[in-house]
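**Student:** Handing you this structure, nothing more for now.
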Amino acid sequence: MKSHSNGNLSKVYIQDFVLEGFGGGLVTQALLFTLFLALYMVTLLGNILMIIIITLDARLHSPMYFFLKNLSFVDLCYSSVIAPNALANFFSSSKVITLAGCATQFFFISLMATTECFLLGVMAYDRFMAICSPLRYPSTMCQSACTRLVLGAYCGGCFNSIVQTSFTFHLPFCSSNRINHFFCDVPPLLQIACGNTAINELLLFGICGLIIVGVTFVILISYCYITVTILRMGSGTGRRKIFSTCGSHMTAVTLFFGTLFVMYAQPGAIESMEQGKVVSVFYTLVIPMLNPLIYSLRNKDVKEAVQRLGQKHTVT
């Protein structure tokens, strides 16, 4: 800690934080460690396999799977920013994270979460173009356009992350160094700041709310047009295939945006830290684990790609 004095007033500025994580005894900590480890291992395996399958199978080299591969990469990074440190802290006596380490973790969490929001919006737009404008789809969603859309998602994530990190870590932390969470996040950090956090709360609810509502609006509009187009189709097989693909995406969207809204886009989030920890486990570990399962179990193309790779490996 650094101490600064001015006359009779003195403040101690914190250089290290303690991540309190979850309460409970040794048995509880062991159970939580096992749960976190299982979730993280499945997340790693599922997302790495998804990236490998899409990369190796030429039939999956289409815009939809290009975006899905990037989603898997983001989920992989997202969980990896949080899970290893959280696992190490379950049996650590200190649970200390430096100010620089906390800011770095915070930056990448915000970057990955925001990028995933934009990617889910881009994926909805891709399905809209493929189903509602199939003749224009090849020219509209060419490789360069897809690359620009993905880069735009990362740039949007980077912008929000820079803003949130800059404003949060410019606050003075002098009242306590104990973060009531298992990673560095906005609500628990604002709770221990000793400065005026009104602007930070406005930025949190304003920017995050705008992103969530804006992307949700794009997704809903896209799926309204998709639904109308599907209902006009005469082929039952075509309808089932589209519903299967779009259903997977809507499941992922509902899970991710629902938990983000509970955590960041409504004012009560900052006061309810215990609820926030449970919600955080869901969107940082459970959803990244579920996404590969959602997109593979309900996707015939991915299942066939797995079979082809398996047969190729058997023959070799």
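Just so it is clear, glycine is given a Cβ too, placed from its N, Cα and C backbone atoms.
Pulled these from TrEMBL:
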- 30-54: transmembrane segment (TRANSMEM)
- 46-295: domain 'G-protein coupled receptors family 1 profile' (DOMAIN)
- 66-86: transmembrane segment (TRANSMEM)
- 106-125: transmembrane segment (TRANSMEM)
- 145-163: transmembrane segment (TRANSMEM)
- 202-226: transmembrane segment (TRANSMEM)
- 247-266: transmembrane segment (TRANSMEM)
- 278-297: transmembrane segment (TRANSMEM)
**Student:** Could you tell me what the rest of the chain brings near the transmembrane segment (66-86), counting residues at least six beyond its ends with Cβ under 8 Å?
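**Tutor:** Distant Cβ neighbours of the transmembrane segment (66-86) are 19, 21, 36, 39-40, 43-44, 46-48, 50-51, 54-55, 97, 105, 108-109, 112-113, 115-116, 119-120, 122-123, 126, 146, 149-150, 153, 182-183, 284-285, 287-289, 291-292, 295.
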**Student:** Is the transmembrane segment (30-54) packed against any residues at least 6 beyond its ends, judged by a Cβ distance under 8 Å, and which are they?
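**Tutor:** Residues packing against the transmembrane segment (30-54) from afar: 22, 24, 60-61, 65-66, 68-69, 72-73, 75-76, 79-80, 83-84, 86-87, 90-91, 281, 285-286, 288-289, 291-293, 295-296, 302, 305-306, 309.
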